[in-house]
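All remarks here apply to the structure that follows.
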Amino acid sequence: MPLAFCGSENHSAAYRVDQGVLNNGCFVDALNVVPHVFLLFITFPILFIGWGSQSSKVHIHHSTWLHFPGHNLRWILTFMLLFVLVCEIAEGILSDGVTESHHLHLYMPAGMAFMAAVTSVVYYHNIETSNFPKLLIALLVYWTLAFITKTIKFVKFLDHAIGFSQLRFCLTGLLVILYGMLLLVEVNVIRVRRYIFFKTPREVKPPEDLQDLGVRFLQPFVNLLSKGTYWWMNAFIKTAHKKPIDLRAIGKLPIAMRALTNYQRLCEAFDAQRKDIQGTQGARAIWQALSHAFGRRLVLSSTFRILADLLGFAGPLCIFGIVDHLGKENDVFQPKTQFLGVYFVSSQEFLANAYVLAVLLFLALLLQRTFLQASYYVAIETGINLRGAIQTKIYNKIMHLSTSNLSMGEMTAGQICNLVAIDTNQLMWFFFLCPNLWAMPVQIIVGVILLYYILGVSALIGAAVIILLAPVQYFVATKLSQAQRSTLEYSNERLKQTNEMLRGIKLLKLYAWENIFRTRVETTRRKEMTSLRAFAIYTSISIFMNTAIPIAAVLITFVGHVSFFKEADFSPSVAFASLSLFHILVTPLFLLSSVVRSTVKALVRATKNEAIPSPRGCPMDIRRHPLCLSFPGQVSPTLSTAPEPSQPQPVKQLPPSAGSCSDWPTALGGSHFQALEPHGDSATVPEALPSWE
C-alpha cells in the first residue's frame, strides 16, 4: 500500500485547496505538527547540551525540592493529555486501515503531540528542580501555539457539520480544553512567580525539611508521578539491598509527620471545638475534633478508594467487549462516514475493536492499582499521625496526675498502658479501614447494576445469595475474633503461672506444692487447647465460606438464568463478564466483618478515653507551649523543640501533699513508664484538660 502524508489516491480530496487552505483537512493536520516540532527543537538542546551550565544553581542535596504553583494540576492535566493523545493515535490508525493508501496525517500529528507532551513534563521537572522558572517561557509559547492550532481544527470540524457522533470531533474538543487549561496554569505561574513581565521576580525558598540533611523521607516533596510510583525510594532500596539499614540511614521524618506537629493540630481542633458555646460534649465532640484535624486526608483516601473501585469494573466490561468481538464472524468493522476525504470512526466502532479494549483494560488496571495504593498510603499515614497525636496528648495529660489520683483507684498503671497502646491502636486501625465504609456500598451497588445489565433478573438471585450469607460470614468472623482473643488470654495466664512456678521453685519443693501448681497449669493449658481448637474450626469455616460463597452464587445465577430465562443470551462474553463481576462483589463482603468490628472498637475506645480523671492539684489553665522531652538513650529528643534559654518553661509543681507531677511514674511502679520519665525540668507540659479531648 502506498505511503504518503495526505494519501496517494487519485483525485484525493486531501490535496484540494480550491475552497481555501484551512478547509483542507490534511493542511490543518500539518499545521498542528508545528508547535510540537518547535518544542522538541527548543527543549532538546537545553536538556542535553545546555543543562550542565544550570546545575550550579542547585544548592541542595535533594533532586526535587520546589513545586511551582499548580504543580499537581499540571501533572494531572498532562496525564489526561497523554491518554487523549493515545486515543487519537488509535482512532487515526483505525481510520487509516480502511483507506486505499496510508494517510499519515491521521495519526502522525498525534504521535508528535505525544512526544511533545512527554518532553514538556520532563522539561518542566528539570526546571522545577533547579528553580529556574525563566526557561518556562518555551512552554508558554508551546501551549499557546498548540491551543491555537487545535482550535482552528475544531472550528473547521464544526464548519463541515462534523458532530459528537464522531470520535475525532470529541477528541479534538478535549484537546482544546486540555491545552487551554495548561496555558492557564502557565499564566498562573507567571502571575505568582513574576519571572517575566515584572521588574521584581518573587523568590521562593525550598521547604525547611529539605534543608535538613537528615530528612530522607521525600514523599511529600517529589512530583506527582514519583508519589504515585514511589520512584524516589529506588536509591533507598538499593542501599538496603547492599547492606543492613538502621534508624540513622532511614533519617528523620518531615515536620508535618512528626508527633508534635500532629499533636498541635489536634489541640487546635479541640480548642476550636471548645470555643463553640453550643458545642457537643463527650464522644461526639471527640469525633468532631478528630474529623476537623484529620478529616481532609481521610476524605482524600476515600476518594482514591472509590475511584479505584470504579476503575475495577472496567475489567469485566472490557472482557465482555473483547470476547464478544472475537466471537463474531465479521470482526473487522468498516466505517461508513467520510469527511474531508477520509473516514471518521464513531465511538461505538472505536470501542468495538478488541485491540482498543485490550489497551484500555491495561490502562484501567494500571490506574486502578495506582489509586488503590494511594488510598492505602494516605489512610495509613493519617492513622499513624492520629495515633502519635493522641498518644502525645494522653502523655501530657497523665503527666499532671498526682499520687492521689492513683492511690484512690481512679487510674492504674494498666489502664494508662491500655490507653497509650491498645486504645490508640484501635483508633489507628479504624482510620486504616475507614475508606472501606464509603467504598463498599458503592462497589456493591455498581456491581449489582452491571450484573443486572448483563444477566437481567437472574443476577438479582446471585446477589441475594451473597447478601443473605453476609450475616453468617460476619457471625463466623466475630466468633473467630473471640476465639483468638480468648486463646491469647489463656496463653498469657499460663505463662504467668509457669513463670511464678519457676521463680518460686525452692518454695514449691520445700512445701511439696508441685501437684497443686501442676494442676493449675494443666487446667489453664486445657482451656487454651479448647480455645485453639475452636479457633482452628472457625478459621476453616471462614476460609471455606470465602471460597464457596462466590462459587455458589455463580452456580445459582447461571442455573436460574438457563432454567427460567431460556431465550436469554448466555454467550461466552456474558459468562466471563459475570464471573468477573461476582468476584468483585465478594471482596467488599469479605471485608465487611473486619470493617464493622474495627468501627465498633473505635467507637468504644473513643468513649473509654473520656474516663481519664482530672488531675488533682495541677492548674487547669496552663497555656500550651512547645513540648520538650528528653528520653534516655537518645542523642536528641524525637518529639521536641526545646524552649529558648532566655524563656525557660518549667513544669508547674504540685503542692507537697499531693506530690509532684514528675513523681507519678514511680508511684505506678516505674517499670511501665521508665521510657517516658522526664529528666529534671526538661518537660514543658501543655494545658491540662478534664479529659483528653
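Including glycine, each Cβ sits where the backbone N, Cα and C put it.
Sequence annotations record features per position, and here TrEMBL assigns transmembrane segment to 33-52, 73-94, 106-124, 136-155, 161-185, 306-323, 350-367, 429-453, 459-477, 535-562, 574-596. Sequence annotations record features per position, and here TrEMBL assigns domain 'ABC transmembrane type-1' to 299-601. Residues or ranges marked as region 'Disordered' in TrEMBL: 638-693.
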Residues of the parent chain within Cβ reach of the transmembrane segment (429-453), under 8 Å, 6 or more residues beyond its termini:
294, 298, 301-302, 304-306, 309-310, 312-313, 316-317, 375, 379-380, 382-383, 386, 459-460, 462-463, 578, 581-582, 584-585, 587-589, 591-592, 594-595, 598-599, 601-602
For the transmembrane segment (136-155), find every same-chain residue at least 6 residues outside the stretch whose CB is under 8 Å from a CB in it, and list them.
22, 28-29, 31-32, 34-36, 38-39, 42-43, 46, 68, 113, 116, 120, 123-124, 127, 169, 172-173, 175-176, 179-180, 182-183, 186-187, 189-190, 195-196
Give the nonlocal contacts of the transmembrane segment (306-323) in its own chain as ranges (CB under 8 Å, at least six residues past its ends).
351-352, 354, 357-358, 360-361, 364-365, 367-369, 371-372, 375, 438-439, 442-443, 446-447, 450, 454, 571-574, 576-578, 580-581, 584
Same chain only, please: residues at least 6 beyond the ends of the transmembrane segment (161-185) with a C-beta under 8 Å from a C-beta of the stretch. Say none if there are none.
70, 73-74, 77-78, 80-81, 84-85, 87-88, 91, 95, 113, 140, 143-144, 146-147, 150-151, 153-154, 337, 339, 344-347, 349-350
Hey, which bits of the same chain come close to the transmembrane segment (350-367), Cβ under 8 Å, at least six residues off its ends?
83, 86-87, 90-91, 94, 167, 311, 314-315, 318-319, 321-322, 325-326, 331, 333
Tertiary contacts of the transmembrane segment (73-94) (same chain, 6+ residues out, Cβ under 8 Å):
106-108, 110-111, 113-114, 117-118, 120-121, 124, 167-168, 171, 174-175, 178-179, 181-182, 185, 223-225, 335, 345, 349-350, 353, 356, 359, 363
Six or more residues out from either end of the transmembrane segment (459-477), which same-chain residues have a Cβ under 8 Å from its Cβ atoms?
447-448, 451-452, 538, 541-542, 545-546, 549-550, 552-554, 556-557, 560, 578, 582, 585-586, 589-590, 592-594, 596-597
